[in-house]
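> I am attaching a structure below and will ask some questions about it afterwards.
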Amino acid sequence: MIVAGAGLTGLAALVAACGGGGTDSAGSSQAAGTGGAEAGSGGSSGGGSGGSGGASGALARTSDIPVGGGKVFQDRQVVIVQPTEGQFKAYDALCTHQGCPVDRVADGAIICPCHNSRFSVADGSPQQGPATQPLAEKQITVNGDEITLS
């Protein structure tokens, strides 16, 4: 029984390590250049509901996504970014290194808290390892001020 208990303790530690930085299911966001939290210094900043969703089925409003930044939607495993004004892109929110969920966007990068991999908001390519593969792009539709997954 002691061996089984030790295994469960190790499993709980692993789940906690890969669980992300406290992002709520509605998402977390940060504009580029605002000096977001680095790995180990606190977690995500700027979380909240952002006023998106609702009866229309929209994931976000264009005003929710800062230029040069983005917002992580953990409940949908997607991160939506706006690399340049009026250009919106979406990527899978799971890091290509070990599958940890990314937790924030800062300084033009999508950041994984587990091993600090960074991905470009422009094309999802890795800017800093250990990840070597880009984030998978997801299809979105922008209709007026609403952003939906296609």
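For all residues, glycine too, the Cβ spot is worked out from N, Cα and C.
Note that TrEMBL annotation is computational and uncurated.
Not my notes, these are from TrEMBL:
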| type | residues | note |
| --- | --- | --- |
| REGION | 27-62 | region 'Disordered' |
| COMPBIAS | 33-56 | compositional bias 'Gly residues' |
| DOMAIN | 57-149 | domain 'Rieske' |
| REGION | 122-150 | region 'Disordered' |
> Over the span of the region 'Disordered' (122-150), count residues by DSSP class, listing helix, strand and coil in order.
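Its residues fall into 0 helix, 13 strand, 16 coil.
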> Across the domain 'Rieske' (57-149), what is the average pLDDT of the model, as a whole number?
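Over the domain 'Rieske' (57-149), the predicted model scores a mean pLDDT of 95.
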